[in-house]
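Here's the structure, in structure tokens; my notes come after.
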Amino acid sequence: MATVLRERTRRPVAADPKRRPRNGRRRVRPNYLAGIGGFVWLGVIIIPIYYIVITSIGRQSDFYTGNPLLPSSNPTLDSYRAVLDNDFLLYLGNSVVVTVASVVVTVGVSLMAAYAIVRSRARMVRLTFSLFLLGLAIPLQATIIPLYYMIGQAHLYDTLLALILPSIAFAIPITVLILVNFIRDIPAELFESMRVDGASHWRLFISLVVPLSRPAITTVTLYNALNVWNGFLFPLVLTQSADKRVLPLSLWTFQGQFSINVPAILAAVVLSTLPIFVLYVLGRRQLVAGLTAGFGK
Amino acid sequence: MSRVKTESGAGASLRTGPSSWMVAPALAFFLIFAIVPLILAAVLSFTKWDGINPPAWTGLGNWTRTLSDPVTFQSLGLSFKVIIVSWLVQTPLSLLVGVFTAGRQRYRAVLAALYFLPLILSSAAIGIAFKALLDPNFGLSKAFGIPALAQDWLGNPQLVFYVVIFVIAWQFVPFHSLLYQAGTRQIPTSFYEAAELDGASRMQQFFHITLPQLRYTIVTSSTLMVVGSLTYFDVVYILTQGGPGYSTRLLPLDMYLTGFASSDMGDASVLAMLLVVIGLLLALGLTKLTGFSRMTSQQEGS
């Protein structure tokens, strides 16, 4: 609705020169102050990132002598080689397993729940939605000690499943919220006409809700993948052995191991970010939409 | 799978909703791994537990001890200070960046894509990168050769709080500016055109159109920011481990260190309960102010 309104008011004005405001010069005058501010902020954002990249391809010996913001005179990928030789691929694999498993289950169960929440009139379902909304504000940290206890009691400590299960639980509220907002916009007539034709609710779910929600599904998939991929506390507390390590935690241990080799540590940082960076480049629009969708209304 | 009857009144056969069982898997995950732990945290707060041996009941001992420990109040106060100061820092910045990137100029779209980058870095990556960057000997200070920059940023108890605030802002302003960008784009351009005709300056337009129109976005962003402040852990843990001394030992960090570093899960559970209570109080404000509760009631009309 809001977009329709905006398009309608914007386009004719731009197309019809007569409707331009009289002091039209002000409209085209560039906003220098905002522009300068924008580039200052760019500096704040980019300098640390630039520093990470430039240091990671420098030599360790140069690190102590040269200017940290100037590119090395003879760049090297040695640090990357060192990181890759240190089980990086194993940690990458663990991260992929944890992320894919968490996201697939989260999106699957949340879709079902969101469909039921939008279409059901049962009180219990409404209450569930309220509970999920409240769940948005549960500080994840507050549950880490009991989770540690429960995971230990279930003999899941130091397994990847110990990371997957709570990650799903904490991703569900926001996922359901975003999906509910989306599914609510599917016209009720579509559901009703299929019901008249005798389709079951599972049938509706499979052949109506899932295909029509595809943009929202992409959105929550990317958003959750980002969160689970970058999770630090669960791996820190719920796993122990090196072969169960995920990437963010591997950075932490790598830092301990190579505390004097800053280029190597930063190469690990770059490598750990690379997969999600590729996702970002491929799906930026969806990711950005996803981050705002749940809260925008 | 059995079907739960949800009819209400006539014509129900057509209008019955889907089986309530469809919420069951999501609900089960959420109950078992989010709600049960909350209850269990309350139980554990009355026990003595080192994390290895079975917990032993101790009654109110943990509560009286933890609530009379000055470290608890130091952490609590620090957490509140972080909430306030990071709101004061992040909100104007996010607002300005958001409004700026909402502009249709092409260069702003390119900048917006770059502004977003911190969001794809993990907290661990951010913490480690800034730790290197802020090194008094080999970091930023050496790059610019400005003596004022040659500080022991993370070792100076007076400075370190603001360094943490800065790094957190660096990490989270991108997300909030996205919210403001989305909000600003919802404002009808006719408002600005009318203001132009009346001869309103850019400044006046900002304060009389943009800001009032963004009030719901401000509320949403602020509540998310405030509740989120209670969960700042990873970056601070990596940057400072709560130090030097107790100068950056925020409440979640205090809880983690008490529980997992000092093997005192009972006292740590008391701190966890404090987090929950404060979080839920703030959440109540969140649901009231941002209209999440209104959204649930909109369902009646669907």
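Glycine is no exception: its Cβ is also placed from the backbone N, Cα and C atoms.
Annotation source TrEMBL lists domain 'ABC transmembrane type-1' at A:92-283.
Taken from TrEMBL, the feature region 'Disordered' covers A:1-24.
The transmembrane segment annotation in TrEMBL covers A:32-53 (among others).
Here TrEMBL flags A:88-117 (among others) as transmembrane segment. Residues 125-126, 128-129, 132, 160, 163-164, 167-168, 171-172, 175-176, 179-180, 182-183, 204-205, 209-210, 213, 217, 220-221, 224-225, 228-229, 243-247, 249-250, 268, 271, 275 of the same chain lie 6+ residues outside the transmembrane segment (A:88-117) yet bring a C-beta within less than 8 angstroms of a C-beta in it.
According to TrEMBL, the feature transmembrane segment maps to A:129-151 (among others). If one looks beyond the transmembrane segment (A:129-151) by at least 6 residues along the same chain, the residues whose Cβ comes under 8 Å of a Cβ in the stretch are 113, 117, 157, 162, 165-166, 170, 172-174, 176-177, 180, 233-234, 237-238.
Annotation source TrEMBL lists transmembrane segment at A:163-183 (among others).
For A:204-226 (among others), the entry in TrEMBL reads transmembrane segment.
The transmembrane segment annotation in TrEMBL covers A:258-282 (among others).
Outside the transmembrane segment (A:258-282) by six or more residues, the chain places 52-53, 55-60, 63, 78-80, 82-84, 88, 92, 95-96, 222, 225-226, 229-230, 247-248, 250-251 with a CB less than 8 A from a CB of the stretch. Using a Cβ-Cβ cut-off under 8 Å and counting only residues 6 or more beyond its ends in the same chain, the transmembrane segment (A:163-183) has close neighbours at 98, 101-103, 105-107, 109-111, 113-115, 117-118, 129, 132-133, 135-136, 138, 140, 143, 147, 151, 156, 209, 212-213, 215-217, 219-220, 223-224, 227-228, 231, 234-235, 238-239, 246, 290, 293-294, 297.
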